[in-house]
Amino acid sequence: MKKHNFSAGPCILPEEVLQKASEAIINFNNDNLSLIEISHRSQPFVDVIENARSLVLELLGLQNKGYHALFLQGGASTQFLMTAYNLLNKKAAYLNTGTWSTKAIKEAKLFGELIEVASSKDKNFNYIPKNYEIPSDADYFHCTSNNTIYGTQMMEFPETEVPLVCDMSSDIFSRQLDFSKFDLIYAGAQKNMGPAGTTLVVVKEDILGKVERQIPSMLNYQVFIDKDSMFNTPPVFAVYTSMLTLEWLKDLGGIEFIEKVNNQKAALLYDEIDRNPLFKGVAAKEDRSKMNATFTLINPELQTQFDTMWKEANINGLSGHRSVGGYRASMYNALTLYSVQALVDVMKELERKA
Ligand code: PMP
């Protein structure tokens, strides 16, 4: 039986996506060739990447609004520097909410002055700073919508005149937002979209072309826009599998539908964390992530017993990140309410036995 997969990433993908992706490896489009052995310039693959790009804009409600969807390589980590390379002239403003923001800040500093508008480092990033000022002369403001490691999520985004850049690696396509507020969104595929190997960038073209420096082609958004995301060989398998996941999401009813399921899953688990006297949550309640729930055992001596129990219950990927400890239940789009119930049942059983 397939495990209940709470892994933080790479992570669970829908069964039907895995099925179709594996079929395409052997025989794509009934053409007696594998998806990964045909030219990326052949029509069948051009159709795939075009479909994937258009599904992204459709699901985010960004069609015909000056945005382009690109499937790039190098992970979200390359976007830490690529955003700055393409957008930072003099100074940029960053909100520091964890490891990934800190890494983005480090890279951006190579390109200009950096203003850290606020940080939650003082409490090991267990909350989202509020009421910060964004300098009006910043080239852009960068934030991380969901902090995969600490289990916090931005519920609101600042109203600002400066372009808004957001790392949505771990909550893209999970909740409804006014995506047109953002000028550039990036996300590694390996959470809510597909396998590792491609990074989605959604960029509003009119924010580009404003920096004075020369940008190498492979790091230049405009080059990829001009070539319909095919400047060089794209990661064909990762793009195809992402397309399948986007189709799956659209068929289910899009972000509007999945957000309701995600809310139910998060409520089920957080209610148990708060009710069960053996557990406590790590993140500040008002900033709790609906994608990654972090929690600990109040009595660490129960750890071996709990670990044995959840593993026996066919659960995978529950150990917390080394910088936080405890447990982290990642509840991405493809995880079912049934899997969350399986975890909650184990937590209740521990309470009975302990
Ligand atoms: N940003 C966030 C929010 C992440 O969770 C991660 C890790 N998956 C990254 C950036 C880095 O992504 P990648 O490993 O694709 O470079």
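Placed from the backbone N, Cα and C atoms, the Cβ positions cover glycine too.
Per TrEMBL, the candidate among Asp122, Asp167, Asp206, Asp251 that belongs to the pyridoxal 5'-phosphate site alongside Ala76, Ser77, Trp100, Thr148, Gln190, Asn232, Thr233 is Asp167.
Taking the Cβ of Gln190 (pyridoxal 5'-phosphate binding site) as reference, residues of its chain lying under 8 Å away and at least six apart in sequence are, in sequence order, Gly9, Pro10, Cys11, Ala196, Gly197.
The binding-site residues shown are Ser77, Trp100, Thr148, Asn232, Thr233; of these, the one with its CA atom nearest the CA of Lys191 (N6-(pyridoxal phosphate)lysine) is Thr148. Confidence in the domain 'Aminotransferase class V' (5-343), given as mean pLDDT, stands at 98. Of all the recorded positions listed (Arg41, Lys191), Lys191 sits in the most crowded Cβ setting, with the most other Cβ atoms within 10 Å.
Taking a Cβ distance under 6 Å to any atom of ligand 1 as the criterion, the recorded positions Arg41, Lys191, Asn232, Thr233 reduce to none. When the binding-site residues Thr148, Asn232, Thr233 are scored by other C-beta atoms within 10 Å, Thr148 scores highest.
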